Amino acid sequence: MTYMTQTLTEPRAGLAARLKLALAIFALLAVVPPLAHAMGEPFMIIIATRMMVFAIAALSLDLILGHGAMVSFGHAAYLGFGSYAVAILSRAGISDLVLQMVAAVLASALFALVTGAISLRTRGVYFIMITLAFGQMAYFFFVSFSALGGDDGVALAARSTVLGLPLLQGETGLFYVTLGLLIAAFAGLYLLTRSRFGRVLTGTRESALRMQAIGFRPLPYQLTAYVISAAICGVAGVLLANQAVYVSPAYMSWHRSGEMIVMLVLGGVGSLTGAMTGALVTVALEEGLARFSEHWRLGFGLILVLVALLSPGGLSGLLRKFNLLRDDK
Amino acid sequence: MRHMAVAAALMLSTATSALAAEPVKIGVLLTLSGPPAVLGEHARDGVLLAQKALAGKMGDRDIEVVVVDDEGKPDIAAQKARDLVEAQGADFVIGPIFSNIMNAIAAPVTSGGAILVSPNAGPSNFAGKDCNPDIFVASYQNDQMPRVLAQHMNDQGIKTAYVLAPNYQAGKDSLNGFKSLYKSEVAGELYVPLGQLDFSAELAQIAAAQPEAVYAFMPGGMGVNLVKQWDQAGLSSIPLMSAFTVDETTLPAEQDAALGKLTGSNWAPDLDVPGNAEFVAAYKEAYSRVPSLYAMGGYDAVMLIESAVKKAGTEDREALRAALKAADFSSLRGEFSFSSNNFPVQDFYLTKAVKDADGSYRTSVVEKVFTAAADGYVAECPMK
Amino acid sequence: MFNLFLLQLLNGAQFGILLFLVAAGLTLVFGIMDFINLAHGVLYMVGGYVMAMMMGTTGNFWLSLTLVLPVMLVLGLALEVLVFRRLYDRSHLDQVLATFGLILVLSELVKILWGSAPLSVPMPEALSGSIALAGPMRYPVYRIAVIGVGLAVALALWFVIARTRVGMLLRAGAANRAMVSALGTDINRLFMLVFAAGAMLAGFAGAIVSPILSVDPGMGDSILILTFVVIVIGGVGSVKGAFFAALLVGIVDTLGRMFGPILLKALMDPAAAAQAGRTIAPMLVYILMAAVLFWRPTGLFGRSVAR
């Protein structure tokens, strides 16, 4: 059973076009704060920050789901680990962003290592459901965690500091830190998927048997990817906590995991640019449509159904259809 | 009384018409989607009805209401609260329904320069250590409703009570509130997973224990399931007393199964207070359903704001806070004032579910249990 | 105590059969057609709402229950023609995207049509009593009827799939669609019928539980994940597996919730045991699923070959 809709190897030129698209998106994002101030709509910065936080999460999910065909239905758990790393450390008096990120990465990676090793015994739908199971266990653990407000969550006293500086207190500061981390995550994952490691991972997606035949055991590669993905998502969780200045188990419910998959599929699975675009578009759509009507979900649902019906491969597929990602040669 | 005030304000407005153009902006942040949407709808309709009753004016200023849905998600709520306060310039935010959302929006609203008026949620931390001069809880403190039933059980001499709640923060708070006042033995305590559908196992446990009464906190759809399954399991001989389980939002689904069941509240549609009957009639007329305490909370929140804006305007923050704290409005609950922590001092009643001649269901006052009751956290609040 | 244990065992089995009623339709679509339909929970909800609406107009329980079937069948056919048939050949992820969109669309439509307040369906007079078991404990007649209906549905499904020509074609079609088509059977029409039957079963389940559970906009959501858990524990594609997994989930959930804290008290002090019991109770089904998949990566009755 393959989860891929696209051809096995991406054409080189299409790849270059996508990279250009990604760079264009970064450039556009970089001018959001001055533009928002000029337009007298500083609130746009807050929305754009949230869009980028979910873009990082979607990128992390694409590594395992898109390149490794491991559909994790419990990925929101790592958003939660990241957020709670902020809450727990700041309560203990450690408000430094870097230390919080290290803690978030370690906690996420450890949980992913243990649950990934168990989950990777299974394939396909069974993998989806066993990751859901672990995600739900983490969710219910934090719901029962009275010391941190349980289900009520916990409000943070202030945003994290960066090397002692209150860099994130303003929305613009948080925006650029998030943008920087988004670009770093994109670049890191881009290089990773181009590397030998990435090619082996993609190979296991296409045929685990074939990879075994040429001498690769898929499991270490899959597990490593799973752990890396979780760690990056943990970083997104740190940013989410800072953006909302509040931490709650609601960040890790299965609805969120499902929404992350939807973002990814909407953008186009297996392409980092697609994953990022999917997240940006989803959050922007939710924000935008909600302003029009109380019944915005009707419109949003219809859009999802139409994209699924008309365009295999999500929005990237749609762009390709209209020749916007055509061969450059 | 109000007409005179409006007339006076109108006269004033001709004098200061240059300033009069600026409307009073009220953001309404409630849960309007997902399973608990009906609670938010009641509160929203209460707000809109109050706006209508004031003819869209506070003094000489127009009321501008912006309703947004927090989707029941705390991070979305925090974001929308900022949108309301920072982008749309709301002077006041009325909301939320749920305590966890309150924790998420308190800081964005107050640090953004607006005043938060809660029509429903009243978590203990905001009554105690996190109390805030810009947060006014116009509803009740979460522990107070269960204490009504504990007092009633004490009065009735009920020696063994079984308690039941979902396993989350509000559930634990509710049972702790009950146990803090109930004097006799708690025969058993059951926490059910949040969102549980079927109560047959819990009901069997209760049937085996045969307590004299049961206290339950089971909001929304869970409450409907519990009440419907209660008599079916042959427990009709054991009185079920509950908080937030039998009210006008769940009664349309519980119907006859809930009749006679006791609950605690600070209000009921038939509470004998001037203006209340008119409110209930107008609400029924406008929205074709019986108002609940959530609707009353939304209505009273607007009336509280109106009383303060008329007196102090919105520019002078200290004067506005003082005017809100004076609570100089005629609440649908009758006597109403604020403690030093900006939580209400009010009466509480034992109520029960009844059916009206027109076939609709509502709660009805049985007796007053507490008079001018404040919450138990005032002492922890540093505000004086 | 022993009586109580037996009664809770019965309650667990009854909850399991309730889960199977909902899972039955999903087993057909997911297990046999290999189609991930997240909208199954919403169809279950629509069934509850249609039932409530029919009760409001006809006032007769049995007539309403009968009318729910054709309505859901038509809805299922419409959805199949408009959406699902275009997705059979596509990846699971495209199916997830489309059916997630359908959840949003149908939930919002239900909210627009019927409002967001929970609705009620009264219990039919004939089934509204309860019978005495041991001591003060009683058992509702309606729940016994639900158990009966669940068993009947299980039996009927098993019969159709294992013993009839349609069932044979289905099994063959699921394994190799092109081959069955080549043999002259219109597999697409067959799949259309299966899908409509799945929708009908989901709606039927929603209708039949409406007298004991509240009909509200969240009812599909809460049951969806549990039904997927049931199907995966049982093994995808196995009706038998789904049936036993549903019973297992129902019994483990009920007994674990009720007697888990008592067992824990033997190991730790009462306050800690109560706290641990409350924390673990909602995780029980997920722990069960993870454990089953750890020992049997394709579920209890699933095909052992990695798919």
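Easy rule for this one: first residue shown is 1, then count along the chain.
Just so you know, glycine gets a Cβ as well, placed from its N, Cα and C.
Bear in mind that TrEMBL entries carry predicted annotations, made automatically and left uncurated.
Residue ranges A:150-172, A:219-241 are listed, and TrEMBL annotates A:219-241 among them as transmembrane segment.
Range annotated as transmembrane segment by TrEMBL, chosen from A:73-92, A:193-212: A:73-92. Proximity of the transmembrane segment (A:173-192) to the transmembrane segment (A:73-92) is not established, fewer than 3 Cβ-Cβ distances being under 8 Å for residue pairs spaced 6 or more apart. Using a Cβ-Cβ cut-off under 8 Å and counting only residues 6 or more beyond its ends in the same chain, the transmembrane segment (A:219-241) has close neighbours at 49-50, 53-54, 56-57, 59-61, 63-64, 67-68, 70, 72, 75, 78-87, 97, 100-101, 104-105, 107-109, 111-113, 116-117, 119-120, 156, 160, 174, 177-178, 181, 185, 188-189, 192, 197, 200-201, 204, 247, 251. With a cut-off of 8 Å between Cβ atoms, the residues of this chain six or more beyond the transmembrane segment (A:48-66) that come close are 3, 29, 32, 36, 72, 75, 78-79, 171, 174-175, 178-179, 181-182, 185-186, 189, 192-193, 222, 225-226, 228-233, 235-236, 239-240, 243, 260-261, 263-264, 267, 269-272, 274-276, 278-280, 282-284.
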